Amino acid sequence: MAFFIGPGNTLGTPIPIEKAEDHIFGMVLMNDWSARDIQKWEYQPLGPFLGKSFSTSISPWVVPMAALKPFLVDNVSQSPKVLPYLQHQDQFNFDIELEVLLQGSDIPEPRIISKSNFKHMYWTMKQQLAHHTSNGCNVRPGDLLGSGTISGPTKDSRGSLLELSWGGKAPLDLGNGLTRAYLKDDDIVTLKGYCDNGKYRIGFGTCQGKILPATDFKFTSC
């Protein structure tokens, strides 16, 4: 998932955690696609770059934070105790049910491959924003900050295919002899999310993308 910035801050002025909520406008589903073959090659020693830079998908509308208030839940217990600038006692985690569905040329009907919940996030959005701006980095209205992979405590709640297949070593069993360790051409990945407390239900819509065959770039010398 991800959240959009509202007012934002000026360069050189951190957002204190006590004010962070005032700068978080709303949330969307987000798929921060990963090219694991490229990522494996480039991530040592400085981390992902081209393996993450090629595509990001989001759902079609923003759910404002005000609409999510009825779905507040306790924050995840953090140990060891976080530094003072990241500490807050008020609830700022949310009960948002999440599903990942996979469809492909050999999988005609979408199949649920993961179920998780945003409430499993270790770091709250307040903490993420306060940390991001703690060195004076500025954020502006409309900036989008991703939550990171949302994995739960069970095997079927792992939030990425890399985790579900244990790094490709244990391909995901889709039944009828079908497996997936990594996505293939023509695979369609759909994210769904909703909140439901018995009185209110709010949907985030869907976030969908299709894997297309790689483009053969004709690199030439300058």
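Glycine too: its Cβ is placed from the backbone N, Cα and C atoms.
As the structure is a computational prediction, the values presented were derived from the model and not from experiment.
The feature domain 'Fumarylacetoacetase-like C-terminal' is assigned by TrEMBL to 15-210. Summarising the annotation, TrEMBL assigns Mg(2+) binding site to Asp32, Lys52, Thr56. Residues or ranges marked as Ca(2+) binding site in TrEMBL: Asp32. The substrate binding site annotation in TrEMBL covers Gln39, Tyr43, Thr149.
What TrEMBL annotates, mapped onto the structure for a quick look.
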residue	record	Cβ within 10 Å
Asp32	Mg(2+) binding site	16
Gln39	substrate binding site	16
Tyr43	substrate binding site	14
Lys52	Mg(2+) binding site	17
Thr56	Mg(2+) binding site	15
Thr149	substrate binding site	14
Residue pair Asp32 (Mg(2+) binding site), Gln39 (substrate binding site) - Cα distance, angstrom, rounded: 13
Closest of Gln39, Tyr43, Thr149 to Lys52 (Mg(2+) binding site), Cα positions, binding-site residues only: Gln39
Environment of Gln39, Tyr43, Thr149, the listed substrate site - residues of the same chain whose CB lies within 8 A of the CB centroid: Ser34, Arg36, Gly47, Pro48, Gly51, Lys52, Leu162
Pairwise Cα distance maximum in Å, substrate-binding residues per record: Gln39, Tyr43, Thr149: 17
Beyond the site residues Asp32, Lys52, Thr56: chain residues whose C-beta lies within 8 Å of the centroid, for Mg(2+): Met30, Asn31, Trp33, Ser34, Ser53, Ser55, Gly146
Structural state of Gln39 (substrate binding site), classified by DSSP into three states: helix
Euclidean distance between Cα atoms of Thr56 (Mg(2+) binding site) and Gln39 (substrate binding site), Å: 15
Rounded distance in angstrom between the Cα atoms of Thr56 (Mg(2+) binding site) and Thr149 (substrate binding site): 13
